[in-house]
Each structure stands twice: as structure tokens, then as C-alpha cells.
Amino acid sequence: MTVSQIDEEVAKLLELKVQLGGDEGRHQFTLKTAKGTRDYNPKQMAIREKVFNTIISCFKRHGAENIDTPVFELKETLTGKYGEDSKLIYDLKDQGGELLSLRYDLTVPFARYLAMNKVTNIKRYHIAKVYRRDNPAMTRGRYREFYQCDFDIAGQYDPMIPDAECLKIVHEILSELELGDFRIKVNDRRILDGMFAVCGVPDDKFRTICSTVDKLDKMSWEDVRSEMVKEKGLSEEAADQIGQYVSLQGGMDLAERLLQDAKMSQSKQACAGLTDMKQLFSYLQLFQVTDKVVFDLSLARGLDYYTGVIYEAILTQTGPVPKAEEGVSVGSVAGGGRYDGLVGMFDPKGRKVPCVGVSIGIERVFSIMEQKAEASAEKVRTTETQVMVASAQKNLLEERLRLTAELWNAGIKAEVMYKKNPKLLSQLQHCEDSGIPLVAILGEQELKDGVVKLRTVHSREEIDVSRAKLVEEIKRRTSDV
Amino acid sequence: MINLGMASLRLYAGLVGCRSGSCARSLRTLSGMTVSQIDEEVAKLLELKVQLGGDEGRHQFTLKTAKGTRDYNPKQMAIREKVFNTIISCFKRHGAENIDTPVFELKETLTGKYGEDSKLIYDLKDQGGELLSLRYDLTVPFARYLAMNKVTNIKRYHIAKVYRRDNPAMTRGRYREFYQCDFDIAGQYDPMIPDAECLKIVHEILSELELGDFRIKVNDRRILDGMFAVCGVPDDKFRTICSTVDKLDKMSWEDVRSEMVKEKGLSEEAADQIGQYVSLQGGMDLAERLLQDAKMSQSKQACAGLTDMKQLFSYLQLFQVTDKVVFDLSLARGLDYYTGVIYEAILTQTGPVPVAAAQNGAGEKAEEGVSVGSVAGGGRYDGLVGMFDPKGRKVPCVGVSIGIERVFSIMEQKAEVRKGDGRETLCG
């Protein structure tokens with residue numbers, strides 16, 4: 001039997017199953033979302049919209065284009081790209097067609113897009129959800145479906161300029177979101193690898209030791225050293241030598257010092273990374289962001305595909321409520337780096353397209369903003385309605401509908417109650433609950449006089465406005481706000 | 001156990017020996033196969049596939065998106081952003097809130113909600129956890145959200161992608177991943193007011209998007225069912241006859257009549273009586289006339305629907321949208337869960353470039369298998385949330401779904417046309 005014959009038979013059997021009523025036997029009430037996923041209610045969506053607007057404005061300020069890709073890729077596209085994390089990929093059921101998997105990040109789809117469309121230069125952002133079957137015991141509180149917000153620059157350019165722009169963007173976004181103080185740690189894969197080499201780490205252990213060093217943001221050095229020696233089989237000498245370096249932090253000065261370091265300078269790779277690090281800092285000075293950026297030798301970052309500079313932004317205070325249970329570096333809100341080899345893995349001729357980018361940890365940002373909203377007295381509005389069209393008297397539904405349509409036609413955001421004879425009090429209560437600032441009240445006498453009572457909800461002040469001037473008056477008042 | 005073994009043997013014998021069509025026949029003659037037997041067979045076949053090297057034998061550069069899906073490049077995204085902004089402004093103008101739900105639901109949540117279309121649902125692989133499926137629309141997740149959060153009143157919009165494993169042979173060009181743009185009002189209110197607001201919203205959106213002239217057809221499930229009853233359609237044939245009547249937007253009456261009589265077993269008299277009604281279109285006047293119609297007025301259901309239709313039109317007049325709305329007795333709409341008013345908006349011209357022209361690839365939309373100009377549809381569905389609530393508590397709902405992909409397609413064509421004849425510097 002060939003693979004396609006098997007596919008055909010499977011498809012027929014599945015159809016037969018549907019005819020038999022398939023899995024439809026159990027009729028229970030399923031009132032939950034899938035594990036690790038959640039709905040966003042209107043308040044959360046309002047916060048989310050504000051955050052996206054801030055971030056997208058920043059991306060646009062820097063000339064980025066926007067793309068979108070499908071939620072699932074061919075399984076083969078994702079195979080071999082995520083190392084140990086591959087087991088966290090959600091697969092789709094084999095229903096007789098192509099084997100598919102849900103995207104794990106936005107970077108691999110981006111590389112596939114570049115290769116597929118033979119794009120050599122692009123500056124793009126992409127905001128979308130990604131999927132990871134995290135083991136809940138290990139990462140309590142982490143979602144399996146979550147937003148990623150990526151910005152990447154692809155193309156062959158003079159070194160470190162686009163890398164510096166990515167960091168400038170992170171700095172701008174974190175400043176504008178007002179999440180409190182932050183730091184951006186930078187390092188370089190070549191410096192790390194060079195450091196491992198001169199410390200005596202065997203080549204074949206580089207990646208696995210790198211994973212362990214990456215845990216320094218949540219584990220102590222003792223525990224990290226212990227894992228390197230006991231679990232990963234590294235010699236104690238090598239571990240200690242690593243220990244000397246990973247405690248170092250600084251700026252351009254540290255890069256200069258390490259270039260002079262007797263051991264480190266033996267590695268050509270490390271020297272290349274250190275030279276670029278100096279260049280990076282000179283650009284960061286011109287971009288005026290060095291106040292928050294620190295060259296930190298302990299930064300490792302999990303993913304295999306980074307080839308050059310790597311960075312991670314953390315919040316230094318967590319605001320009013322500490323987020324202790326996240327299981328990730330408590331304050332991490334963004335991360336990224338350079339990955340020059342990824343697109344080449346997709347291109348049939350192996351043509352390389354160098355890339356550098358950053359991913360904003362949106363879920364963390366949402367979480368912080370939600371907490372701030374809870375703590376603050378100010379209500380988050382879930383609608384943008386400007387006017388409620390109301391009446392205190394009976395039998396005025398037609399008039400209310402007529403006026404509401406006039407307001408909509410003039411572009412004014414208006415609501416009307418879906419009741420023939422609502423009580424004025426309920427209409428006013430709705431305004432209080434939703435934060436609607438104005439009420440246009442109709443009455444028999446007002447209709448005769450050709451006016452509408454316009455009431456300001458919070459002050460309860462009312463004035464009569466002529467029907468003809470109502471739209472103008474509402475627009476004037478709502479633009480002041 | 002022995003029977004199971006025998007069944008397997010028969011199945012394998014049938015498969016190994018055959019080439020093409022004979023396989024299908026041997027499957028159909030196998031009566032008595034249970035669901036779990038099928039599961040077993042499928043699992044065995046899939047293992048065999050893996051042994052053969054399955055789909056992993058080919059280590060080629062995978063430079064394609066999954067079948068039925070596509071990337072959006074920056075130009076398309078720019079168009080998409082404009083379209084969304086227009087639509088969302090309209091929703092906000094009407095005081096709608098926004099929600100979002102996960103891309104997959106528990107398989108059980110989606111089970112039993114889509115009738116014949118259930119086979120088009122994408123399932124996730126059983127990886128040892130809950131059984132999951134990708135959402136098929138935004139309406140069932142909405143009903144689940146309402147029941148789960150015990151929400152009784154909400155006016156919400158939701159714009160997101162949905163997933164359907166359409167059979168490519170039948171629906172060439174139709175995407176398997178596509179955007180839906182839904183607006184729904186849930187809650188117990190005085191009749192027809194929210195229903196009228198939905199229609200006002202469709203009218204505003206289609207006008208602002210400048211897609212050309214359009215019409216919004218309205219009808220009512222109760223009027224349809226009442227009509228079927230008085231025309232002599234047996235109760236158990238209502239839904240299936242309804243599906244056939246639904247095809248009037250793409251098939252001629254002769255073909256529809258033929259399907260009703262020959263395939264669905266309806267009597268010719270009943271078919272002819274239906275034929276008299278489904279050709280009728282009008283406004284409030286038509287509803288009034290039908291309330292006086294000797295036959296139609298015998299159905300209480302139809303009368304309720306017709307009375308509400310008159311009320312609807314009176315509100316539409318106040319909303320100033322009756323110029324584009326027509327009460328059309330041939331409108332049926334596929335989905336089972338509608339309980340009251342139903343509507344569908346169609347474009348009456350397709351703009352400067354006829355959609356049938358296939359040159360820029362957007363001609364795919366002509367073969368959609370849906371009414372060529374259809375850009376929005378919806379209706380009232382009062383029973384859906386009750387299916388999710390453990391106590392069966394009902395939350396009446398009415399809503400509309402904008403056919404965003406069709407709108408993108410038209411806007412993309414318009415952009416091409418403007419570029420193509422070199423007028424881009426003159427046009428805005």
C-alpha cells in the first residue's frame with residue numbers, strides 16, 4: 001500500500017465514523033476552555049487594545065511593514081527547529097491530508113515566508129498567538145496559547161545598525177508602556193561560545209551548557225554550577241572558570257576589557273563578538289538608550305538559532321503586586337537576537353538572509369496592566385459610546401430610534417435601550433455602569449419645542465439644545481474630552 | 001473478540017486486494033463496524049504509514065503553507081487594516097464590546113452543533129491530554145462564553161480566523177483558514193429592536209466600504225417553516241427541503257424543484273406550492289399581504305413571523321435603511337440553529353472588474369459555491385446558549401457575520417485595477 005492509498009482509506013474510515021455518529025455519544029455540558037487557554041473579556045480586550053496601539057505605533061514609527069501567516073504550518077516546516085522544545089509542539093490529527101502543527105513562534109514562519117517569497121530585505125512586525133503544550137506541573141500559570149509580538153529586520157546590512165535599532169525599539173516601547181524601570185541585558189552567542197571554548201567546555205556540550213547558563217536568571221549560581229557538573233557532566237574546573245566570567249556586567253568598557261583578557265582573547269569567535277559589542281554600544285549612545293542597556297555575560301537565551309547578539313529586557317520593579325509564581329525570570333518582558341542561519345535552512349539553494357529581531361512578552365505586559373487597572377480607582381471603559389438616547393416618558397421608542405439613527409449617520413457613537421418604555425433611572429444607570437458621558441433625553445414637550453435635553457452624566461447638568469444643533473454640540477463636547 | 005478479528009480480516013482483505021473504486025464498495029458492504037473498530041483500523045493504517053516513512057521520508061525544503069491557507073503580505077495587510085478599521089468603527093459606534101476566545105475548543109464543545117458540516121472540523125492529535133478541535137465559527141464559542149460566564153446581556157463583536165477542512169474538489173478556491181467578523185446582541189429585549197440594529201450595522205458597513213450597490217434579503221425561519229407546513233411538506237422533511245430552497249441563489253427554480261422532488265422525495269404539488277411563494281419579494285406590504293393570504297394565515301408560526309417582519313420594517317424605516325432591504329421568501333440560509341429572522345447581504349454589481357475574470361486569481365471567488373455576491377449573513381438563534389447551560393437557561397441572540405475574505409478580495413482587485421491602468425498618481 002502506498003502512502004496515498006493509506007490516506008484515502010483513512011479518510012473513508014473517518015467518514016464512516018461520522019456517519020455512525022462518531023464521538024458524538026457523550027452529550028455533556030462542556031463549560032470550559034481548553035487547558036492553558038482563556039477567553040479575553042471586554043475589560044481585558046480594552047487593555048489589550050491600548051497596549052497593541054502603543055506597540056504598533058512604535059513599530060510604524062520605525063518604518064515596519066506588517067505580515068500575517070497561518071496558525072498552522074506543515075509539520076515538516078517546524079521539525080528540527082526547536083531542539084528539546086519540539087515535544088511542546090501541538091500537532092493536528094492525521095485526517096488523511098498533510099501533517100500539520102500549530103506554530104510554536106513567529107520566527108520560523110517568518111523565515112519560511114522569506115524563503116518562499118524570495119524576500120531578501122524586509123522590516124516587519126507580526127502580532128499573533130502561538131501555541132506550546134507546556135507541562136502544567138512545571139510552569140504553573142503559563143498559558144499554552146499566548147500572544148507574541150515580533151519585530152524583525154531581515155537583510156544584509158552594515159553590522160550592528162539594525163541590531164541597535166531593535167534595542168532602541170524595545171527601549172521606546174517599554175518606556176511608553178510605563179511599566180516601571182527596566183534593564184536590557186545584551187550578550188552575544190559568539191562571546192558565549194568563545195567563553196565556553198576557552199574555559200574548556202567540550203564542543204559537543206556547548207548547547208547543553210548554554211541551556212544551563214540560561215537558568216541563571218531564575219536559579220542561583222550554586223544550583224547552575226551543580227547542574228553543569230552533576231547533570232551535564234562538565235568538569236569542575238571548567239564550571240569554575242565559567243563562573244568567573246558570567247558574573248561580569250558593564251558597558252563598552254567591559255567589552256574592551258575582555259578583548260584584552262588573556263584567556264578570552266584566545267578565541268577568535270569571542271573577539272569578533274566583542275568587537276561588534278563595542279560597535280553596538282557606540283550606536284546605542286547615538287540612539288540615547290545606554291542608560292538602560294547592560295552587557296551581561298550571564299545572558300544565554302534558550303533558542304538554538306541565535307548566531308550573534310542576544311538580548312533580554314527585564315522589569316526591575318514589578319509594580320504594586322509581585323508576580324512570584326510565573327516560573328520565568330520574574331521581570332522578563334522582551335527578548336531577541338540575531339539569527340543569520342535560519343532562512344538558509346528553508347532555501348533550496350541554502351541562500352542566507354541575515355535576520356535580527358525582538359519579541360515583546362505581551363502576556364506579561366497585559367498581566368501588569370490588568371493589575372494596575374484593578375488597583376486604580378479609574379474604571380476601564382469597554383465601549384466608546386458617547387451618547388445614550390433616552391426618554392422618561394412612555395411611547396417614545398420611535399422618536400428615540402429616529403434620533404439614534406440621526407446620530408449614527410453623523411458618526412456619533414450612540415446607544416438606545418431595546419425597550420419600548422424603559423425607566424429613566426435604568427437608562428441613567430446604564431450610563432454610569434458603562435461610563436457613557438452624555439444622555440440625550442426626549443420628551444413630549446421637547447419634541448414640540450424642537451429641542452433635546454442634553455445631560456452630562458457625571459455632573460447631572462442639563463441644557464436644552466435645538467434638534468438642529470444637537471450633533472454639533474455633542475461633537476464639540478466629546479472632542480474636549 | 002473473535003468477531004472483531006474477523007471484521008479486521010475482512011477489512012484488510014478488501015483493502016489489500018483492491019485498487020480504486022472497489023475499495024469503497026467493500027467498505028460499504030461491511031455492516032456492523034463500530035466506532036471503536038474504525039478507530040482501531042485507522043490507527044493501524046496510520047502506523048503502517050509511519051513505517052512506510054509516512055510523510056517524513058521526503059526531506060525536501062518545505063516552502064509552502066498548508067493547503068487552503070495563505071500568508072498576508074504587507075500590501076494585503078494594509079488593505080486588511082483599513083477594512084478592519086472601518087468595520088470596527090461601525091461596531092463601536094453602536095456600543096459593542098470586544099471579546100476573544102481560544103483558537104481551539106474542547107472537541108465536545110463543538111460536537112453536535114454543525115450537523116452535516118461536522119466532518120469539516122479540524123481535530124488536534126490526541127497527544128495524551130484533552131481532545132481538542134479548531135473552532136469552526138465564532139458563534140458556538142460565543143454561546144459557550146455566555147453560558148460559562150453566566151452572561152445574560154451583551155453586545156459584542158469578535159474578529160478572528162476560523163477553520164474548515166473544505167473538500168478542495170467541491171469548493172475550489174475556498175480557504176480553509178479565513179477571517180470571520182461577527183457582531184451579536186445577546187439578551188431578552190422587546191422584539192425586533194436589536195434585530196433591526198444588526199441590519200442597520202450591515203447597511204452602514206457595506207456603505208462605508210464602498211463596494212458598490214448591495215441588497216439585504218430578510219426572511220424568517222418561522223415564515224419558512226409555516227410556508228412548508230401549509231404547502232404540505234412533511235415535518236421530518238422541513239430541514240432538508242430548507243437546504244434545497246437555500247440553493248435558489250445559485251440554482252434555477254427548475255433545478256431546485258427537481259432536487260426537492262427527485263432527491264428529497266417531495267410531492268410535485270407541494271413543490272409547486274412552494275414555488276408560488278418563493279418567488280415573492282417586497283417590504284412591509286408583502287408581510288401584510290401574506291398575513292391576509294388564505295393558506296399562509298393558517299399557520300400560527302408563519303403569522304408570528306410575519307407580524308414580527310412588519311415590526312422589523314417599521315424600525316428599519318426609522319433607521320432609514322429600507323432602501324436596501326427586501327423581504328424575500330426564497331432566502332433560507334444553511335445553519336440549523338436559526339430560530340427567527342434571517343438575512344443575507346449581496347452585492348448587486350461587483351465593481352469595475354467583474355469577479356468572474358480569473359486573471360488576477362481572485363476569480364476563485366466565482367466558484368465559491370455560494371451566492372457570488374454574498375458579503376454578510378446572520379439571523380436570530382434563541383436556542384443555542386441553552387444547549388450549553390446545565391439548567392438549559394436560554395439567552396436569546398441575534399447577530400451577523402461579515403464575509404471579510406470576500407471584502408478583502410474585492411478591495412485587492414480594486415487596488416490592482418488602480419495600479420494597472422497607471423492612474424495611481426491620480427487616484428487617492
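Cβ atoms here come from the backbone N, Cα and C positions, even for glycine.
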Pick from A:R132, A:R183, A:R257: which one does TrEMBL list with A:D105, A:L106, A:T107, A:Q148, A:D152, A:R301, A:Y305, A:Y306 for the same L-histidine site? A:R132
For the domain 'Aminoacyl-transfer RNA synthetases class-II family profile' (A:7-369), what's the mean pLDDT in this predicted model? 89
Are there any residues in the same chain, six or more apart in sequence, whose C-beta is under 8 angstroms from the C-beta of A:Y306 (L-histidine binding site), and if so which? A:R189, A:G337, A:R338, A:Y339
Which of the three DSSP states, helix, strand or coil, fits A:R301 (L-histidine binding site)? coil
According to DSSP, A:D105 (L-histidine binding site) sits in coil
For A:R301 (L-histidine binding site), nearby residues of its own chain (Cβ under 8 Å, 6 or more apart in sequence): A:N187, A:D214, A:I310, A:E312, A:G335, A:G337
List every residue in the same chain as A:D105 (L-histidine binding site), at least 6 positions away in sequence, whose Cβ is under 8 Å from its Cβ. A:V130, A:Q148, A:S359
Using Cβ atoms only, which residues of the same chain lie under 8 Å from A:T107 (L-histidine binding site) while being at least 6 residues apart in sequence? A:D150, A:D152, A:Y305, A:Y339, A:L342, A:G357, A:S359
